[in-house]
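> Before we start, here is the structure in question, set down as structure tokens.
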Amino acid sequence: MPEQVTDQENQAPQQQTTAVHAYNPEVLQDMLPVYYRRLFPHLPFYRWLSYGSSEDAIFSNREISFTLQDDIYIRYLCFDTQAELEKEICSRNPIKIDIGPVMHSKPKNHRSIPGGLTPVQRELVFDIDMTDYDEVRTCCSGAGVCLKCWKFMVLAARVLDVALREDFGFEHIIWIFSGRRGIHCWVCDYQARHLDGRGRYAVAEYLNIITYASFAGGNSPRCSMGDRPHHSLKRALKIVEPMFEEIVLEDQNLFGTPKGVTKLLNMVHDDAARGELESYMQKNLEDGAHSRLVWESFIKYANSMRTSTTSAWSRKLKNIVAEIQLGLLYPRLDINVTRGFNHLLKAPFCIHPATGKVCVPFSVSAVAKFDPTTVPTITQLLHEINAFDDKSKSYMEAPEDKSRIKDHKKTSMFKGVVVFEEFLRKLERSQKSASLQF
């Protein structure tokens, strides 16, 4: 079952959205020192990547990369302690931090290692980008995202999370908002981290069910369920089907134009059947009919044709309705990210330079309540700290008092840290339990 997180994550502080606190990319470099010094969760970040020091050199051999101002990219960084990493972050104030694999030797010595570095472990990661849904969303495109198209990410997280837990037995999964238009999934179980290249390829291929057929107007998503649909496809269908009408027919009105009707027709993977369906729709639908009417007409025709034992609709198209629903709503994975051992992925709690938003963790059990349009920006966070301190004067009165409230608790970033720390507690409990068995 999806991971449960305390109710605190849903108790977002009041957010300031006035133009006065709008994010300006030109002053990001001026704000990052304050963010890294006062808000970035250095200790939880270290606790995650060190995994309780359960394995030799698991932290010190981890490759970290920084992207600095003016696109200066520094790879092969590594650190022996949490203090070293924190000092370097606060000194360089990177615009982005990327996390790579744990190597067989310290990455900083890569030039002197015969044969180069060899990765020995790495979290199993998934990257889902909203731009891969541009062909099936009409509300936004490119870097744009709104609450309507965020529902594609809601379904992606739900489908993928339950598959990873039920089909592979993974437990320690953290979901991260990418800061702009996508989501990242980190699977941190020991077995996942130690998968070899073939194992990662197998997992990626198992979960990547969408294929594409080329037509004059572009690529058409396809999902073949076969004569005996796999249980994972049946489970995914149970998740996406209840939201199909809301997302595809209402929010996106995907079939509400001639181009949209063509998208639907192109998903019928039989030339003769497609031609028959097109003729039927031309006779029974007006141009520009709402998607709901188009879909109802399609369902009516498909059901009537299934009664013919000689028709493709009763054989290879018998699951066409479910295949279209999955083809439009199933997670669209960048499988090269998952298959690759050396891929570096953006770290949680980075600031996206284009939007200024924090790459915050979220709970999959509350993903439908997650609003990407109100994720706090660095500008907003610094204002929230100042507003809190001006009100309480606690920061000025007790700068060295260890009992004073932590800065992230003064801001709307707090709920993301709560999600992350709850994930860490479960991960660390599991590691302690495993160590007691030896």
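A Cβ is built for glycine as well, from the same backbone N, Cα and C atoms used for every other residue.
Okay, so Swiss-Prot annotates it like this:
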type: ACT_SITE; residues: Glu63; note: active site
type: ACT_SITE; residues: Asp127; note: active site
type: ACT_SITE; residues: Asp129; note: active site
type: MOTIF; residues: 139-149; note: motif 'Zinc knuckle motif'
> Cα-Cα, whole number of Å: Asp129 (active site) versus Glu63 (active site)?
24
> Among all protein chains shown, how many Cβ atoms are found within 10 Å of the Cβ of Glu63 (active site), not counting that one?
23
> With DSSP assignments reduced to helix, strand and coil, which class does Asp129 (active site) get?
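Its secondary structure by DSSP: strand.
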> With DSSP helix as H/G/I and strand as E/B, how many residues of the motif 'Zinc knuckle motif' (139-149) fall in helix, strand and coil?
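The breakdown for the motif 'Zinc knuckle motif' (139-149) reads 3 helix, 0 strand, 8 coil.
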> Hey, how far is Asp127 (active site) from Glu63 (active site), Cα to Cα, in Å?
19
